[in-house]
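One structure is given below, encoded as structure tokens.
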Amino acid sequence: MSKRPSYAPPPTPAPATASSGITIPKPPKPPDKPLMPYMRYSRKVWDQVKASNPDLKLWEIGKIIGGMWRDLTDEEKQEYLNEYEAEKIEYNESMKAYHNSPAYLAYINAKSRAEAALEEESRQRQSRMEKGEPYMSIQPAEDPDDYDDGFSMKHTATARFQRNHRLISEILSESVVPDVRSVVTTARMQVLKRQVQSLMVHQRKLEAELLQIEERHQEKKRKFLESTDSFNNELKRLCGLKVEVDMEKIAAEIAQAEEQARKRQEEREKEAAEQAERSQGSIAPEEEQVANKAEEKKDEENIPMETEETHLEDTAENQQNGEEGTSTPEDKESGQEGVDSMEVEGTSDSNTGSESNSATVEEPPTDPVPEDEKKE
């Protein structure tokens, strides 16, 4: 990762070498610190995450692993915590053995002697500087290839810097000051427990929301699939009901319909003609009856007229016979008047008879008697 891991030991200072040849020895290698639980998990899954995300940077991969670590349950994290605690106990025992080892004790003695020599040399140099004496003398170089510019202010500052860092590293080393992260107070534990509870509540809430979202999604998906199936079924049904247009069949149906319409029209015309004939046939018998009645009445009228004519003929013969015997002009005139009166009476009777016949004939108002019959 980009930052230096917190579990790595502080860098050991480089051995300081003064112009007088005093060298501070390097300490022996201490035992390695145990890996923190997160770093154990990171080392375990690093290659897997790197293989699945080859294009990501190191800090992005570390961010992904951090999220995976936070998502682990307490039971899964406990495995790494147990390993860390076991190795930490071994590390403390190794550190005790390391501090009591002959190499470390020799390093402490050599270090103290070198520091004492350096302090003595620095005091002497300081005193010479206060007295104004030069702190070094120029002598001819025995080896021209061995170039030495002397003990400058830069070298002094470097020595002081390294010394200060050594002191700070010794003061703040684990052998003196315990790691703050390894010491958990009761108040801190209570705070952590409350944080864990709040995080668990928040996690359960998020899980419930995720379940609701998933249920809604599944419901929408189900409705969408159902609507799709119904649409496809309806489409198939409509495609099955598709009617192919056959122009020849349509033309045949049109011709058949026209033929049926023509036949119905002929039937209607025929029915109308038959009805007219029936109406005329019903009128003709009535006219015949009326004509027969008129003829009968005429015959009845003709009979009295014939009797009258015979009577008139008899009277005329009698008159002629009388005239032949004893006829007078006055008798002739009276006889002629009697004939005329008889004719007038006959004509009046015939007129009354014709009027009665016309009254009986005029019963059907729709069919008047023809003029020829009236004339007869």
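Heads up, the Cβ atoms here are built off N, Cα and C, so glycines get one too.
If you look up Swiss-Prot, you'll see 118-133 (among others) marked as compositional bias 'Basic and acidic residues'.
What Swiss-Prot records for 261-277 (among others) is compositional bias 'Basic and acidic residues'.
The SUMO2 cross-link annotation in Swiss-Prot covers LYS3 (among others).
Less than 8 angstroms from the CB of LYS57 (SUMO2 cross-link) sits no same-chain residue that is six or more residues away. Summarising the annotation, Swiss-Prot assigns SUMO2 cross-link to LYS57 (among others).
Mapped onto three states, the DSSP output places LYS57 (SUMO2 cross-link) in coil. Annotated SUMO1 cross-link per Swiss-Prot: LYS57, in sequence order.
LYS96 (SUMO2 cross-link): 11 other CB atoms within 10 A of its CB, across all protein chains. The annotation SUMO2 cross-link is assigned in Swiss-Prot to LYS96 (among others) on the grounds of similarity to another entry.
Taking the Cβ of LYS111 (SUMO2 cross-link) as centre and 10 Å as the limit, one finds 17 other Cβ atoms among all the protein chains shown. The SUMO2 cross-link annotation in Swiss-Prot covers LYS111 (among others).
The feature SUMO2 cross-link is assigned by Swiss-Prot to LYS131 (among others). Same-chain residues at least 6 positions away in sequence with a Cβ under 8 Å from that of LYS131 (SUMO2 cross-link) are not found in this chain. DSSP assigns LYS131 (SUMO2 cross-link) to a helix in the three-state reduction.
For LYS242 (SUMO2 cross-link), other Cβ atoms within 10 Å of its Cβ number 6. Look at Swiss-Prot and you will find LYS242 (among others) tagged as SUMO2 cross-link.
Positions annotated as omega-N-methylarginine by Swiss-Prot, on the basis of similarity to another entry: ARG4.
Among the features that Swiss-Prot reports, region 'Disordered' is placed at 1-36 (among others).
The region 'Disordered' annotation in Swiss-Prot covers 118-140 (among others).
For 261-376 (among others), the entry in Swiss-Prot reads region 'Disordered'.
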Practice item. Give the distance between the Cα atoms of LYS111 (SUMO2 cross-link) and LYS242 (SUMO2 cross-link), rounded to the nearest whole Å. Key: 104
Study note, to complete from the structure: For the compositional bias 'Basic and acidic residues' (261-277), the DSSP helix/strand/coil residue counts are 17 helix, 0 strand, 0 coil
